[in-house]
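Peer 1: Sharing a structure with you now.
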Amino acid sequence: MKPRPGVFVDRKLKQRVIQYLSSNRCGKYVDTGILASDLQRLYSVDYGRRKRNAFRIQVEKVFSIISSEKELKNLKELEDGHLAKRARQDEEDEYTESYSDDDSNMEDYPDPQSANPMNSSLLSLYRRGNSESVSTTPKWGQREATTSTPLLTSKTGSVPLKTPARESEGGWFIDKTPGGKKESLPLDLSDDQSNSKKQDSEIQILKDSSLLESDKKRKGRAKGKGNKRKTENLQEVDGEIEALLQKKAKARSTELQISNVKFEDVGGNDATLKEVCKMLIHMRHPEVYQHLGVVPPRGVLLHGPPGCGKTLLAHAIAGELDLPILKVAAPEIVSGVSGESEQKLRELFDQAVSNAPCIVFIDEIDAITPKREVASKDMERRIVAQLLTCMDDLNNVAATARVLVIGATNRPDSLDPALRRAGRFDREVCLGIPDEAARERILQTLCRKLRLPETFNFCHLAHLTPGFVGADLMALCREAAMCAVNRVLMKQQAQQKKKPEIEGLPSEGDQEERLGAEPTSETQDELQRLLGLLRDQDPLSEEQMQGLCIELNDFIVALAEVQPSAKREGFVTVPNVTWADIGALEDIRDELIMAILAPVRNPDQFRTLGLGTPAGILLAGPPGCGKTLLAKAVANESGLNFISVKGPELLNMYVGESERAVRQVFQRAKNSAPCVIFFDEVDALCPRRSDRETGASVRVVNQLLTEMDGLETRQQVFILAATNRPDIIDPAILRPGRLDKTLFVGLPPPADRVAILKTITKNGTKPPLDEDVNLETIANDLRCNCYTGADLTALVREASLCALRQEITAQKNGVGAGELKVSHKHFEDAFKKVKPSISIKDQVMYEALQRSLSQ
């Protein structure tokens with residue numbers, strides 16, 4: 001039976017159904033529902049998303065087609081076997097049949113090619129019984145013919161007439177002798193005749209059985225070979241299916257890992273390790289909690305910026321407790337098939353309970369636990385609900401099932417609030433940006449296996465790396481090692497150039513010819529040198545390797561190549577700005593030291609006096625007077641982390657995003673305390689509020705006020721702000737407890753201008769000044785009365801450009817080049833081009849503003 005022309009048959013599905021049936025998974029009877037569900041499970045990529053009923057109907061159609069084809073194939077084999085048997089019987093027939101018998105046989109057996117297979121099969125079975133009676137009639141007919149021959153002769157007496165024609169129907173013989181006298185022939189059925197008849201039939205049956213047995217043996221041998229090949233093919237198919245299922249099961253299950261990391265490998269987090277040790281007591285002594293009847297904590301949430309050591313701490317916990325760890329990345333749990341993500345979570349927690357005591361570590365857990373009220377898909381909500389259920393089920397398990405769940409994320413605020421309640425991730429450990437002391441301990445931990453000089457200064461290197469986390473310091477060590485190798489190879493190459501040419505080795509000229517043309521620039525020279533190092537396969541000798549070590553200069557060179565990840569998060573590294581780079585402003589410097597540096601350097605005295613919350617400082621004054629430079633110098637001198645926030649960059653067009661940005665800034669500072677937050681152009685963030693205004697700026701001001709002095713205390717978080725217009729800032733932000741101290745950074749007086757000029761020119765050495773230049777005279781010039789520090793910097797730069805322009809013109813005219821210096825004439829030319837950035841009108845306004853702030 002073939003499918004109708006209008007019925008579509010999926011050939012791939014048909015082949016897979018045949019493969020499934022041949023694997024003997026279904027037994028003797030086939031249930032199409034089970035067959036369809038198994039196919040959807042095995043081939044989830046192709047059929048996983050199809051509806052069950054529709055797919056089951058399609059499988060039923062394919063199964064009916066396969067069944068009909070199998071029946072037709074079996075019927076064809078039966079017919080071919082019967083025809084082959086009849087052909088062999090005709091060849092081995094030892095009896096001669098009469099003309100009538102031949103005619104009857106020709107009539108009885110139709111052409112198998114033209115007959116219907118079913119009809120021909122039935123007719124062959126029907127003729128089988130008839131052929132036995134026909135084959136036994138010749139003796140009886142011969143005997144009858146011999147007795148009747150004299151009676152049926154012609155009157156002429158020589159030629160005999162034809163024997164009477166007989167027809168057989170169903171074993172009965174009918175005499176159809178034409179015309180004349182009919183003789184009634186006696187039907188003699190005596191014992192002799194019956195015995196002879198039985199003997200003839202038995203002989204014929206034995207012949208047929210012997211032929212059938214030989215035919216069966218031949219077919220059995222051929223069929224045995226075919227069955228053997230078929231069995232081998234089925235075994236191969238079963239092996240492939242089993243391997244595929246095992247591979248899928250292995251990919252779905254999470255392997256247990258044994259961690260070799262200890263707490264001693266985690267440097268610079270002593271306070272964090274102390275807190276973690278208190279939380280892990282129940283993993284060592286569960287009998288205490290069981291005796292007290294208290295459910296031990298099950299979840300720990302590690303959060304902090306990227307690279308701060310969350311994954312390392314999780315492995316250190318597993319290694320310190322000597323427990324296996326089930327590590328899984330959160331995106332691996334998410335699946336495209338509905339319900340499979342939840343199943344993976346259930347299997348993960350079931351595996352953890354069966355392997356208890358153990359630790360489950362879910363990295364980047366925020367990928368599967370967003371806030372359900374803002375989740376865009378139902379699948380995300382179901383995953384969160386499933387994780388909550390699994391966490392609650394751990395509390396219902398007996399206390400002997402010691403399972404600790406650790407989650408790590410960079411964005412704890414994006415997690416669903418239900419996940420952070422008691423009984424789930426009730427313990428949160430914050431890993432912030434390490435301070436200078438923590439960086440020193442991290443460097444000592446990372447450099448334990450490195451070859452360093454004995455007098456290596458870790459403190460100085462830690463001072464040069466503000467904003468670096470553990471991953472950045474590891475990258476710094478790797479880059480410093482590369483710099484050390486490069487330095488040694490360069491030294492070796494320089495020594496080889498000085499040595500005479502060794503016999504058998506190519507000279508430097510040959511190497512340059514092999515490398516290409518001679519370098520025409522410094523970049524090409526460096527490239528050729530590096531190519532020479534790559535192609536040089538001579539290993540370093542033990543003498544050269546003996547003195548090889550990573551020096552402090554290698555780390556300093558590597559600092560230019562490594563960009564800390566915290567810098568992308570808003571942290572600014574300012575290692576080069578010190579008090580020496582700021583001329584004058586002595587009184588403001590003392591105020592900043594007392595407000596920011598004193599609480600860090602003298603915490604005990606501040607606690608004794610009851611000085612808790614650090615005061616915020618507002619730097620006000622005209623632009624270009626050094627407000628930002630002061631903030632950088634404070635952060636550098638104190639060794640604190642530094643977050644620079646530009647006012648306009650926090651504003652966002654979407655409702656709630658600006659407030660969230662302000663909240664994230666303070667949260668980052670708390671995680672990295674002690675830390676300095678510097679708000680540049682704070683007037684853009686905190687404009688004066690009015691009764692009619694209810695826009696985004698009002699919400700930002702309210703959020704900023706709450707973060708500065710709200711219910712949550714900000715310990716070791718110092719606030720610096722700078723503005724050119726303190727008069728337009730909201731008055732609420734200037735009250736005590738927030739930005740309660742305002743320092744006015746005004747235009748420098750003549751004495752301060754002298755100090756600023758000396759700082760800019762490095763006491764007349766850079767740029768080199770001529771003997772006729774007097775910095776005090778320039779600073780006391782009336783044209784400098786409205787100059788700010790930025791204007792004085794522009795004046796020195798313009799004077800240097802005038803000197804360079806004069807030197808270039810002299811070289812064009814062929815005049816001998818002399819020593820390049822900046823003279824008084826160049827400063828006079830610069831005065832003509834550089835104008836003060838603060839006009840007299842603005843100066844009057846700032847003086848009035850200064851008087852109002854001092855009252």
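Placement of Cβ uses the backbone N, Cα and C atoms for every residue, glycine included.
Pasting the relevant annotations from Swiss-Prot:
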MOTIF     49-52  motif 'Nucleolar localization signal'
MOD_RES   Lys70  N6-acetyllysine
MOTIF     85-88  motif 'Nuclear localization signal'
COMPBIAS  90-110  compositional bias 'Acidic residues'
COMPBIAS  113-123  compositional bias 'Polar residues'
COMPBIAS  131-157  compositional bias 'Polar residues'
MOD_RES   Ser133  phosphoserine
MOD_RES   Thr137  phosphothreonine
MOD_RES   Lys155  N6-acetyllysine
MOD_RES   Ser190  phosphoserine
CROSSLNK  Lys207  SUMO2 cross-link
MOD_RES   Ser210  phosphoserine
MOD_RES   Ser214  phosphoserine
MOTIF     217-231  motif 'Nuclear localization signal'
REGION    266-473  region 'Interaction with WDR74'
BINDING   304-311, 621-628  ATP binding site
Peer 1: Just to verify a number: CA distance, Pro623 (ATP binding site) to Lys70 (N6-acetyllysine), in angstrom, no decimals.
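Peer 2: With distance taken Cα to Cα, Lys70 (N6-acetyllysine) is 93 Å from Pro623 (ATP binding site).
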Peer 1: Look up Pro306 (ATP binding site) in the DSSP assignment and report helix, strand or coil.
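Peer 2: Pro306 (ATP binding site) sits in coil per DSSP, no helix or strand.
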Peer 1: In three-state terms from DSSP, label Cys625 (ATP binding site) for me.
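Peer 2: Note: Cys625 (ATP binding site) is coil by DSSP, not helix or strand.
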Peer 1: Tell me, roughly as an integer, the mean pLDDT over the region 'Interaction with WDR74' (266-473).
Peer 2: 86
Peer 1: Check Lys70 (N6-acetyllysine) against DSSP and tell me helix, strand or coil, would you?
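Peer 2: DSSP assigns Lys70 (N6-acetyllysine) to helix.
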Peer 1: In sequence order, which same-chain residues at least six apart have a C-beta under 8 angstroms from Gly304 (ATP binding site)?
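Peer 2: Looking at Cβ-Cβ distances below 8 Å from Gly304 (ATP binding site), excluding near sequence neighbours, one finds Lys310, Asn410, Cys430, Leu431, Gly432, Asn671.
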Peer 1: Check each residue in the chain of Cys308 (ATP binding site) that is at least six apart in sequence and keep those whose C-beta is under 8 Å from its C-beta; list them in sequence order.
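Peer 2: Set apart from Cys308 (ATP binding site) by at least 6 residues yet with Cβ under 8 Å, we have Leu431, Gly432, Ile433, Pro434, Val469, Gly470, Ala471.
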Peer 1: Determine how many residues of the motif 'Nuclear localization signal' (85-88) DSSP places in helix, in strand and in coil.
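Peer 2: Going by DSSP assignments, the motif 'Nuclear localization signal' (85-88) contains 4 helix, 0 strand, 0 coil.
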Peer 1: Mind checking which of Gly621, Pro623 has the fewest other CB atoms within 10 A of its CB? They're the binding-site residues.
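Peer 2: Counting other Cβ atoms within 10 Å of each of the binding-site residues Gly621, Pro623 gives the minimum at Pro623.
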Peer 1: Using a Cβ cut-off under 8 Å and a sequence separation of 6 or more, which residues in the same chain sit near Lys627 (ATP binding site)?
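Peer 2: Lys627 (ATP binding site) has long-range Cβ partners Leu619, Ala620, Gly621, Ala722, Val745.
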Peer 1: Just the number: how many Å between the Cα atoms of Pro306 (ATP binding site) and Lys70 (N6-acetyllysine)?
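Peer 2: So the Cα of Lys70 (N6-acetyllysine) lies 64 Å away from that of Pro306 (ATP binding site).
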Peer 1: Which residues in the same chain, at least 6 apart in sequence, have a Cβ under 8 Å from the Cβ of Cys625 (ATP binding site)?
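Peer 2: The list for Cys625 (ATP binding site) reads Val745, Gly746, Leu747, Pro748, Thr788, Gly789, Ala790, given in order along the sequence.
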